[in-house]
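Colleague: One structure coming up, written as structure tokens, with questions to follow.
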Amino acid sequence: MWQFIRSRILTVIIFIGAAHGLLVVGPKFIRANQEYTLVISNFNSQLSKVDLLLKLEGETDNGLSVLNVTKMVDVRRNMNRMINFNMPEDLTAGNYKITIDGQRGFSFHKEAELVYLSKSISGLIQVDKPVFKPGDTVNFRVIVLDTELKPPARVKSVYVTIRDPQRNVIRKWSTAKLYAGVFESDLQIAPTPMLGVWNISVEVEGEELVSKTFEVKEYVLSTFDVQVMPSVIPLEEHQAVNLTIEANYHFGKPVQGVAKVELYLDDDKLKLKKELTVYGKGQVELRFDNFAMDADQQDVPVKVSFVEQYTNRTVVKQSQITVYRYAYRVELIKESPQFRPGLPFKCALQFTHHDGTPAKGISGKVEVSDVRFETTTTSDNDGLIKLELQPSEGTEQLSIHFNAVDGFFFYEDVNKVETVTDAYIKLELKSPIKRNKLMRFMVTCTERMTFFVYYVMSKGNIIDAGFMRPNKQPKYLLQLNATEKMIPRAKILIATVAGRTVVYDFADLDFQELRNNFDLSIDEQEIKPGRQIELSMSGRPGAYVGLAAYDKALLLFNKNHDLFWEDIGQVFDGFHAINENEFDIFHSLGLFARTLDDILFDSANEKTGRNALQSGKPIGKLVSYRTNFQESWLWKNVSIGRSGSRKLIEVVPDTTTSWYLTGFSIDPVYGLGIIKKPIQFTTVQPFYIVENLPYSIKRGEAVVLQFTLFNNLGAEYIADVTLYNVANQTEFVGRPNTDLSYTKSVSVPPKVGVPISFLIKARKLGEMAVRVKASIMLGHETDALEKVIRVMPESLVQPRMDTRFFCFDDHKNQTFPINLDINKKADSGSTKIEFRLNPNLLTTVIKNLDHLLGVPTGCGEQNMVKFVPNILVLDYLHAIGSKEQHLIDKATNLLRQGYQNQMRYRQTDGSFGLWETTNGSVFLTAFVGTSMQTAVKYISDIDAAMVEKALDWLASKQHFSGRFDKAGAEYHKEMQGGLRNGVALTSYVLMALLENDIAKAKHAEVIQKGMTYLSNQFGSINNAYDLSIATYAMMLNGHTMKEEALNKLIDMSFIDADKNERFWNTTNPIETTAYALLSFVMAEKYTDGIPVMNWLVNQRYVTGSFPSTQDTFVGLKALTKMAEKISPSRNDYTVQLKYKKSAKYFKINSEQIDVENFVDIPEDTKKLEINVGGIGFGLLEVVYQFNLNLVNFENRFQLDLEKQNTGSDYELRLKVCASYIPQLTDRRSNMALIEVTLPSGYVVDRNPISEQTKVNPIQKTEIRYGGTSVVLYYDNMGSERNCFTLTAYRRFKVALKRPAYVVVYDYYNTNLNAIKVYEVDKQNLCEICDEEDCPAEC
């Protein structure tokens, strides 16, 4: 439908010059690579034609000519002439003007300045969601358009950057190529990114084109929404707010629950609180206590927390409810902005209620002092008090006052117009507007017209013009064809000369469509979850189409992520908009006049009000389990077919909700097309299940699994609900152990949620599938869903790994016996044993790159475990010439995520700190700086200036002696401690600078000064840890003492001849040994390095990592560098595995460098024997684990737990106190972590910690595993008591609860720890079971 709207703004600026019967009209703006059209009208009755010379010229500010175009034209009497100029592509900013000179005796000279517009392209960004969780993928599209909303031919690529909330560059595409004006890509958000508002920006030729934000946060997508609105308009005299609360699922059905309403007044203090039960809709009255307003209206904050019945899911809505002093408002409606002295002026006072309805019966006195007008009157049924005022010739201003009997007061001033004539012309639309159909306009003038000229303007230029001769009539029917060139918006201007004055009128045409008439529709508005939906598209053949669909619930966060019709209008207006001035219509139209003294321009062309005109507007069927619960989907690109249409069939997700579907299209010729508004459809079933399952449970506990049934069929039915025992993972309490399913029946009335539950125990650890099916009407209506909950061990898991490494340069045969160390007190049935054969040293590491360490990684140093190993793996894969592209891609993607994570810890001075808001650390900045520099060769996102600034900060921290001392908290004593002359930290910083070629050159003096300090300290270094790092630094520097240092280091080592192992027995043996191995590699002592490598390999964890982050970093680095020298490309060997009375064989060749072989071993196995024969390289790994109760640990921390009385069965308050037990007085631990695990059924909210001690503050709190575990980080701990209180809430029913535990440990020396168990309420089965589930004793 096309709409015609009268407007005061003309977005195409034009100029008019009229003289000697000549009218010259043209755009005032010029752009590069765009047509410029001038229209000259000859209404001179004396001359049959005029000859003119047109000159378009421009120069830069320094006088350099950039444009000089001339044209000779003639214009015949009573005709128009359209002259086109093509602006060059390379037009630049400057001073431009157009000159019109008469020729061949015709005296005429006019010139006008033109304004150069540099903006010739614009951009849009579409994101698939407004908000993302850590670990999500952000899909986005960039759309680039020219002034005609088409893909710009000259722009082939754009520069796209994504930044985190601290403006760190996380990802960039320096040459993002456009296809049909579109660039599409995605960003994998890291699992622990910086939360907050992120930014996508697009640049073209160094200037920002467009940007858009999205949010990264932890959130749960609500299944329902709550609306809070006044039941009646609140007035001060009511002294109350009456609210209506509506709660509906996104698919339209009402929600049952409890609404908690809180009213705040005066500095946001809680004044009133009420609760009410709501089923879909409810009302509540909140009364004030002497509420007095200072203004005519005041916002009152109201908070509504709606808790869904049965599930306890909660939606919180905070609203500002406006209270008014009076029941109505008033506006002055004028026939024109200004009045004409001596002529009647019509206006009206429009009274409306605050809901927009007319306010009739409002009485009061109207006074207009300037014309001595006074009356007492009442508003009519339309809320109007109509006035006709008679200003005299001398009236300068009308001051209109209204005083109501209830004290309401209003006034407004109206100014007179500076008039030059009483004549006017008017343009009115008289027909609907349709593409390629005639538009009918009525042109009316107060004088008989001999001619008038019309101009059609769109997209910054005049696209049509005409010279009409009405034969001296005051009215004329103008008919114009609505062409595609006018789309999407155009303006029509008419002008004539009446009484030596140019009078004019204009109209805006808003087509409400685009030249690319793209359309999108679906075959059903309601569809069952998981079923297929058909999309029908029509548009220009071959055009690009971008589709997106997302859960309507996401709009509760924001809706700016998507593209809408209104966005396209804003882009179009952005090219052509100018400022409005309601009192200077020529200014608003972009007009200026060039006339002789006897031809004037009318300054008031609005004689009547400009009102908008709207014209012409089966039984036994296979049950599908719902498992796909995406929040956004259908992010897809397609092309329109040759026929101009395209159909697409897609499967909708399994979520029961409402969806928004949007689509746009781009054609190179016809430009952009987009649907008018998003298509909304609902995935709903007449009968369905909603689950409310816990995140995790412990094995052996009795747990209630809660479901809710909904019936929308209009009648009550008996439902059969079946819970399945999938893979024998589940035990139904009170039922035979052999049952594979359990069915219950329940009556389900229409439109009411009916709860049903099952009491179960989990038999096996790991992920347990919960599969449930419900049916009514003998199976004609069914629903089924499957979800996974985690089954945790009742004891602590004890992982173990025995590794044997072999490297045969020639054919050999060797046997490796392995005895398993399984504790005799291990829980029965908990032992798992696996044999792995890896022909590649890093196969296990690559497999576990995304979870190398089992401990938390919530600080700036620990977080690097998500970054550095990926670099080492990529180095290794490239060094051995791996062709496994999927492994390279995995490591590269994880490297990008690790980079994202690490940027959270960057400080404003360029350094990196342990926490997000803290001082920079010398140790960590050195570590991050050198790692980032190395990573640049694999990801281009890293900002070189950022790395340089970090290393500059590092260099600035050097002591005049050459040493480096710690800055920031001490959390790694061996590295940061200053008791041994800072040798370790100084060596570490030098190592970072030496491994960075740019820093090595830039900070050569710093390096030289540091190496001098190390060489001066060399004689006194008697700690193997210090010496290992110093030796590696000397190797990197090529120092003259490097060989002496290595020999001294070797002398400090320990040798296990039976295992062919060499290591250094310090407080940090893995780091020390790894640095030593790096020095062996640098010295090319590969044979001597094999025993060192053997020992390191045998210290690895199951994931291929080492106990802590620094162990892992330097350990993997050393093994990688060594492995690069021992290529598996010559592998050709056979492996025989013997255990008990069984044997397995493996044949390995050089083609299998990335293949892992494994065998599950019976749990009662105590020893294995492995024989290897052949040539090559490999790792033999026996991975096993068992569960052990938490008893008899030797505590190195004091740990105290106290359960506090809350007076509620649903709230747990646990006071935790911990302190370090030093072996020497006043010594402190390294970084200390406290992990609190909660009993099954309990979870924490977002801010669970209170009452913490201040002496040694908590640096970070991390909520894990769905709120069932909380980790607290301390810089370190001493003998002081470090206390806090944790609050958790029971959300699920669990009986036979296993004890929970709290553990505190030193992060860099996990042998220093303490652990305590605690228990909460002793619920038994009889307290939580339904009658039919309860055992006989209940």
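Note: Cβ is positioned from N, Cα and C throughout, glycine not excepted.
In case it's useful when we look at the structure, here is the feature table from Swiss-Prot:
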{"type": "SIGNAL", "residues": "1-21", "note": "signal peptide"}
{"type": "CARBOHYD", "residues": "N68", "note": "N-linked glycosylation site"}
{"type": "CARBOHYD", "residues": "N199", "note": "N-linked glycosylation site"}
{"type": "CARBOHYD", "residues": "N242", "note": "N-linked glycosylation site"}
{"type": "CARBOHYD", "residues": "N312", "note": "N-linked glycosylation site"}
{"type": "CARBOHYD", "residues": "N481", "note": "N-linked glycosylation site"}
{"type": "CARBOHYD", "residues": "N637", "note": "N-linked glycosylation site"}
{"type": "CARBOHYD", "residues": "N728", "note": "N-linked glycosylation site"}
{"type": "CARBOHYD", "residues": "N813", "note": "N-linked glycosylation site"}
{"type": "CARBOHYD", "residues": "N919", "note": "N-linked glycosylation site"}
{"type": "CARBOHYD", "residues": "N1065", "note": "N-linked glycosylation site"}
{"type": "DISULFID", "residues": "C1217-C1283", "note": "disulfide bond"}
{"type": "DISULFID", "residues": "C1326-C1338", "note": "disulfide bond"}
{"type": "DISULFID", "residues": "C1329-C1334", "note": "disulfide bond"}
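Explain the structural surroundings of these features, please.
Modeller: In the structure as shown, the Cβ atom of N68 (N-linked glycosylation site) sits within 10 Å of 10 other Cβ atoms. In the three-state DSSP scheme, N68 (N-linked glycosylation site) is classed as strand.
Here N199 (N-linked glycosylation site) comes close to I162, R163, R167, S211, K212, T213: these same-chain residues lie at least six apart in sequence, with C-beta atoms under 8 angstroms from its C-beta.
For N242 (N-linked glycosylation site), applying a Cβ distance below 8 Å and a minimum sequence separation of six or more within one chain yields P230, S231, V232, P234, Q283, V284, E285, L286.
Within 10 Å of the C-beta of N312 (N-linked glycosylation site) there are 16 other C-beta atoms, taking all protein chains into account. Under the three-state DSSP scheme, N312 (N-linked glycosylation site) falls in the coil class.
Same-chain residues at least 6 positions away in sequence with a Cβ under 8 Å from that of N481 (N-linked glycosylation site) are, in sequence order, N436, K437, L438, M439.
Taken residue by residue with DSSP, N637 (N-linked glycosylation site) is part of a strand. Taking Cβ-Cβ distances under 8 Å and a sequence gap of 6 or more within the same chain, the neighbours of N637 (N-linked glycosylation site) are V182, E184, Y544, V545, G546, L547.
Under a cutoff of 8 A between CB atoms, and with a sequence separation of 6+ in the same chain, the neighbours of N728 (N-linked glycosylation site) are L740, R763, K764. In the three-state DSSP scheme, N728 (N-linked glycosylation site) is classed as helix.
Around N813 (N-linked glycosylation site), a 10 Å sphere centred on its CB holds 11 further CB atoms from the protein chains shown.
The Cβ of N1065 (N-linked glycosylation site) has 11 other Cβ atoms within 10 Å, all protein chains considered.
According to DSSP, C1217 (disulfide bond) is assigned to a strand segment. The Cβ of C1217 (disulfide bond) lies under 8 Å from the Cβ of Q1198, L1199, D1200, E1202, R1281, N1282, C1283, each of these being in the same chain and 6 or more residues away along the sequence.
For C1326 (disulfide bond), the number of other Cβ atoms no farther than 10 Å from its own Cβ, over all displayed protein chains, is 11. In this structure, C1326 (disulfide bond) is part of a helix by DSSP.
In three-state terms derived from DSSP, C1334 (disulfide bond) belongs to neither a helical nor a strand segment and is classed as coil. Taking the Cβ of C1334 (disulfide bond) as centre and 10 Å as the limit, one finds 16 other Cβ atoms among all the protein chains shown.
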Colleague: Express the distance between the Cα positions of N312 (N-linked glycosylation site) and C1326 (disulfide bond) as a whole number of Å.
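Modeller: Here the two Cα atoms lie 22 Å apart.
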Colleague: Compare the C-alpha of N919 (N-linked glycosylation site) with the C-alpha of each of the recorded positions N68, N1065, C1326, C1329, C1334, and give the closest one.
Modeller: N1065
Colleague: Which of the three DSSP states, helix, strand or coil, fits N1065 (N-linked glycosylation site)?
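Modeller: Where N1065 (N-linked glycosylation site) sits, the three-state DSSP reduction gives coil.
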Colleague: Of C1283, C1329, the disulfide-bonded residues given in the record, which has the fewest other CB atoms within 10 A of its CB?
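Modeller: Minimum Cβ neighbour count within 10 Å, taken over the disulfide-bonded residues C1283, C1329, occurs at C1283.
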Colleague: Can you give me the Cα-Cα distance between C1329 (disulfide bond) and N813 (N-linked glycosylation site) in Å, rounded to a whole number?
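Modeller: Checking the Cα atoms of C1329 (disulfide bond) and N813 (N-linked glycosylation site) gives a distance of 63 Å.
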Colleague: Can you tell which of the recorded positions N813, N1065, C1326, C1334 lies nearest to N68 (N-linked glycosylation site) in space, using Cα positions?
Modeller: N1065
Colleague: Have a look at the recorded positions N813, C1326, C1334 and say which one has the shortest Cα distance to N1065 (N-linked glycosylation site).
Modeller: N813
Colleague: Through the lens of DSSP with three states only, how would you label N199 (N-linked glycosylation site)?
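Modeller: Reduced to three states, the DSSP call for N199 (N-linked glycosylation site) is strand.
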Colleague: Report, in whole Å, the straight Cα-to-Cα distance of N813 (N-linked glycosylation site) from C1326 (disulfide bond).
Modeller: 64
Colleague: Roughly how many Å lie between the Cα atoms of N813 (N-linked glycosylation site) and C1334 (disulfide bond), rounded to a whole value?
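Modeller: With distance taken Cα to Cα, C1334 (disulfide bond) is 63 Å from N813 (N-linked glycosylation site).
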